[in-house]
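The domain 'NADP-dependent oxidoreductase' annotation in TrEMBL covers 19-267. The active site, proton donor feature in TrEMBL is assigned to 53. The feature site 'Lowers pKa of active site Tyr' is assigned by TrEMBL to 78. As annotated by TrEMBL, substrate binding site applies to 111.
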Ligand code: A2P
């Protein structure tokens, strides 16, 4: 990957720009509008949002006001947990599309798996939600479909369906690599996307990372984003600050050495959100 609009190729052949702009915790209204506009101005081609972020209308306004042609853009959203199941997923998708002011999505994800702590029939629920995703995909309303926060045992049944997930978006940053899930996804031709590639900012004060970043004359944020790409994971850094939004695109003029990659890859668990998909109560 050499620039923001270089692509990963999904299992169905669809192209996905290699860095996405995250919008989790971006306040709705002017902040969301202006940060999306800044991202598109600084070269992002890929915006990641979700119904539960509560900012889809503003994200859509930012996209519209940027006047970037729709074909050049890649837009992802996610179906929230209260909308699991066939009918509800289709209704949620239609609302998302209308809130974003778009007529198709590039990627739609199941935000979290139904888990066994909350549901005895969790697998069935995930399959029903997936049936809706598949229908929307076949109708051409979504160019690619996937999941988020799914662990291998949540993925097993979906892998046996007609159209298996193309993407799994998980928490991924130095200190939280989820190797088992990443290996499973790679083995099954599923692209892994990183939410919170900076550990929601928590990794920025890490001494090991500070030391390594300094060697390359880069910030820790740039190191973390580059590190995702070199692990073949698609980073989704979030910022509402124009200078940082720009800084986070300047990641193609250095290469992390194999030695430093190994050092970061072997860091002990740290900086994680602590949200375990098998345990969460939402
Ligand atoms: P802000 O949005 O106020 O600019 P993550 O992508 O892992 O979720 O991390 C997002 C957090 O990291 C936000 O608090 C964001 O702050 C902060 N952040 C994003 N990019 C940078 C950067 N280049 N330097 C410092 N902080 C950053």
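Cβ from N, Cα, C; glycine included.
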Under 8 Å by Cβ from residue 53 (active site, proton donor), counting only residues of that chain that are 6 or more apart: 23, 24, 25, 26
Among 78, 111, which are recorded positions, the residue with the most C-beta atoms within 10 angstroms of its C-beta: 78
Local confidence of the domain 'NADP-dependent oxidoreductase' (19-267) - pLDDT mean: 98
Between residue 78 (site 'Lowers pKa of active site Tyr') and residue 111 (substrate binding site): CA-CA distance (Å): 5
DSSP three-state assignment for residue 78 (site 'Lowers pKa of active site Tyr'): strand
